[in-house]
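Student: Take this structure first; my questions come after.
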């Protein structure tokens with residue numbers, strides 16, 4: 001597909017897309033801050049769910065492992081963005097646990113331990129695969145499935161927007177960050193000839209476009225006072 005493009009140009013384009021993806025991902029990582037400001041202010045998690053942050057952490061950890069040199073070749077931007085994302089998710093989860101009631105606290109602790117247990121199994125299992133290409137395919141499928149599930153998580157919000165004709169629970173900057181980050185890593189995956197990156201991010205780009213289209217269509221019909229989102233989506 002890019003055989004007529006010099007390798008040096010491909011490398012520059014790939015690195016630029018990777019850096020852009022890291023920058024835009026930061027917008028996603030900080031999007032739950034208003035929610036946690038409210039939790040800290042009220043000293044209660046109220047009806048907020050901690051599951052999105054558990055899922056996001058698992059996704060970040062799997063994708064970080066995929067980006068390491070032990071699994072894939074020259075995927076440093078994937079490793080850096082997801083390792084930073086994992087730090088954010090752990091911070092959110094710890095904060096959630098601190099202010100949750102006893103039942104939620106214990107449930108979140110169990111899920112957090114499960115996430116680290118699953119990661120340990122994936123890492124240990126993949127290292128048992130001696131063939132580098134087979135290891136790359138194995139972890140690649142896991143990371144691809146994880147990314148697709150994360151990008152699919154806003155579908156219920158999209159359905160809510162269509163039903164209510166209101167974008168109250170779909171913040172513009174969150175949708176924009178999702179689109180920009182997904183597009184950047186879509187290009188990064190294409191330039192790096194990595195289907196495990198460009199396929200899920202291609203899906204994320206399409207969903208990001210859909211969210212932006214819905215936002216501009218229904219923004220005038222939104223409620224005057226918007227509530228803080230119960231969950232956010234991660235790359």
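The backbone N, Cα and C atoms fix where each Cβ goes, and this holds for glycine too.
Summarising the annotation, TrEMBL assigns transmembrane segment to 16-36, 48-67, 79-99, 111-130, 136-160, 172-191, 197-216.
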Student: Take the transmembrane segment (197-216) and find every residue of the same chain, 6 or more past its ends, with a Cβ under 8 Å from one of its Cβ atoms.
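Tutor: Beyond its ends, the transmembrane segment (197-216) has Cβ neighbours at 75, 78, 144, 147-148, 151-152, 154-155, 157-158, 161-162, 167, 170, 172, 175-176, 178-183, 185-190, 235.
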Student: Please work out which recorded stretch in 48-67, 79-99, 136-160, 172-191 has the most C-beta pairs separated by under 8 angstroms from the transmembrane segment (16-36)?
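Tutor: Checked against 48-67, 79-99, 136-160, 172-191; highest Cβ contact count belongs to 172-191.
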Student: Near the transmembrane segment (172-191), which same-chain residues lie under 8 Å Cβ to Cβ, leaving out any that are not at least 6 residues past its ends?
Tutor: 1-2, 10, 13-14, 17-18, 20-21, 24-25, 27-28, 31, 77-78, 151, 154, 197-199, 201-202, 204-205, 207-209, 211-212, 215, 219, 229, 232-233, 235
Student: Counting only residues 6 or more past its boundaries, what in the same chain has a CB within less than 8 Å of a CB in the transmembrane segment (48-67)?
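Tutor: Here the qualifying positions are 32, 35, 39, 75-80, 82-83, 85-86, 89-90, 92-93, 96-97, 100, 104, 108, 111-112, 115, 118-119, 122-123, 126, 139-140, 142-143, 146-147, 149-150, 153, 196, 230-234.
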